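A.B. asks: Take this structure, written in structure tokens, and hold onto it; I'll ask about it next.
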């Protein structure tokens, strides 16, 4: 069997038809064998051609004399340019000299083939690496990445010269594939009829890879199962299912070669696999996930009555490890202060995203897919942020401060000018939403470069979800009722929010004291936070669920921060929005003492207005102090 049939490539006659289709699509400028960027109709080429520093004007496909190969090459670049995958800069600048080397190699090495698919990809890549090395061209490049330990480390990768040929061969093999996308060993989500809610556009995960299975039968079984699961689950989760089942069945093939079908499985193999997992040193939650995926497969085989099903129950409840109650991975204020002091060193859009997520605590996918027009304003001038929750598959609305509103408005103006066709607040150059990895990468790069450290002096590693944990933990610890936090974060159940109801040892005593203290209004009335009628009060709801509640020198203002600065300077004691607690008692006693002194002077001098004002202040303070000490 030749290499082409192994890869399920269509017949030569069908390839000839495909070549004809390629030529039909490449009309006008694209039919030329030399592409001049100054004549290219692609919008990105028109813009790039105006750059006086542009050195590489031509892509000369005529260097390849083999007409079949030349057509495949031209179509490879034509397709990527006209389907939004690449822009002109990618072809004429990034791949400029790279293309010429590849064209010369193909013309030299394969002058007589009728398709690049006649050459096994491994053979072609080996020959090309040898060719480049003899030409004095580097076949690897060194990139640097920030590791999970916040260390900068070099990473070797194939150079553009090597990857360009690999991309070309894989593209043509895919184009000539004899079958549906489901028949391939690598499923590309862009070629599958998946609804939008199955695909998170903020992730780089484009494929589900079934290569690497040691047993072909089990590979086909897993492919069928994954196709079924795509009806219920997200693309990224099904990709994880495929990888975890590959690990299990490869384990079987290595340790229990005699097991060739699912119905041959016994507890012996399962227990050996569980032991293997436990010896890997992975977290209990990770082990639970792998067992759950395996049990899900076995359960589905039984329920849907597939031909090959387990002969007995293989997974028991006691197989699942006990998972410790997860503590919220909040970001310490010590770290946040450092981060915020260096926001100016981040790209403008990343800094804006950081401010939004610190206040609203949304998930990273929700942050990246914020859309233009996400601000809502009510009749009182208060602003709210509207965004889509990918996990819950629903729209969510939260109150937002005027400071962040201003940042969003500035960003909207900028994006509308630079990316008028994109609906997103933080788009990539192609108009799609920013990828999660870009946000995380920029924050951790900043932490490394600016030496943002934790209290132990270690460079801090930012995880996007930790901002959500920080908002949840901070609000719970500040006494906000759990059901309010649940609504603010958009949790479906109280259990999802309860993980934030954790006060850490360092602040346990102080937080408990704060929780127990009384809140008193300007009239000395006690606010009972557990009273249902008080909880339903609109102003107190705002006070509780506003993350950035306004703290005064002698108490709190129940007006939400979103309302802006108070126009009534030094009038808190006469304001119905004012409330205070026992921790401010010394300030009230000191103010009462000063007020009594001023009142004595006013009476001596018979300053009637000052007597009235200070008498009212004295009365308010006495009511407050009496309630706090009573």
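Positions of Cβ are set from backbone N, Cα and C atoms, glycine also.
Pulled these features from Swiss-Prot for this protein:
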- 363: active site (ACT_SITE)
- 391: active site (ACT_SITE)
- 465: active site (ACT_SITE)
- 468: active site (ACT_SITE)
- 491: active site (ACT_SITE)
- 500: active site, O-(3'-phospho-DNA)-tyrosine intermediate (ACT_SITE)
- 216-302: domain 'Core-binding (CB)' (DOMAIN)
- 326-513: domain 'Tyr recombinase' (DOMAIN)
A.B. asks: Which one is closest to residue 465 (active site) in space, judged by CA to CA distance, out of the active-site residues 363, 391, 491?
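C.D. replies: For residue 465 (active site), the closest Cα among 363, 391, 491 is found at 363.
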A.B. asks: List the Cα distance (Å, whole number) between residue 363 (active site) and residue 468 (active site).
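C.D. replies: Here the two Cα atoms are 7 Å apart.
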A.B. asks: Mean pLDDT over the domain 'Core-binding (CB)' (216-302): what is the value?
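C.D. replies: Across the residues of the domain 'Core-binding (CB)' (216-302) the model's pLDDT averages 96 on the 0 to 100 scale.
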A.B. asks: At the level of the C-alpha atoms, what whole-angstrom distance separates residue 491 (active site) and residue 468 (active site)?
C.D. replies: 12
A.B. asks: Non-local Cβ contacts of residue 468 (active site) (under 8 Å, 6 or more apart, same chain)?
C.D. replies: 357, 361, 362, 363, 489
A.B. asks: List every residue in the same chain as residue 391 (active site), at least 6 positions away in sequence, whose Cβ is under 8 Å from its Cβ.
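C.D. replies: Same-chain residues close to residue 391 (active site) (Cβ under 8 Å, separated by 6 or more) are 363, 365.
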A.B. asks: When neighbour density is defined as the number of other C-beta atoms within 10 angstroms of a residue's C-beta, which of the active-site residues 363, 465, 491 has the lowest density?
C.D. replies: 465
A.B. asks: With helix taken as DSSP H, G or I, strand as E or B and everything else coil, how many residues of the domain 'Core-binding (CB)' (216-302) land in each class?
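C.D. replies: Secondary-structure breakdown of the domain 'Core-binding (CB)' (216-302): 70 helix, 0 strand, 17 coil.
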A.B. asks: Could you say whether, by DSSP, residue 391 (active site) belongs to a helix, a strand or a coil region?
C.D. replies: coil
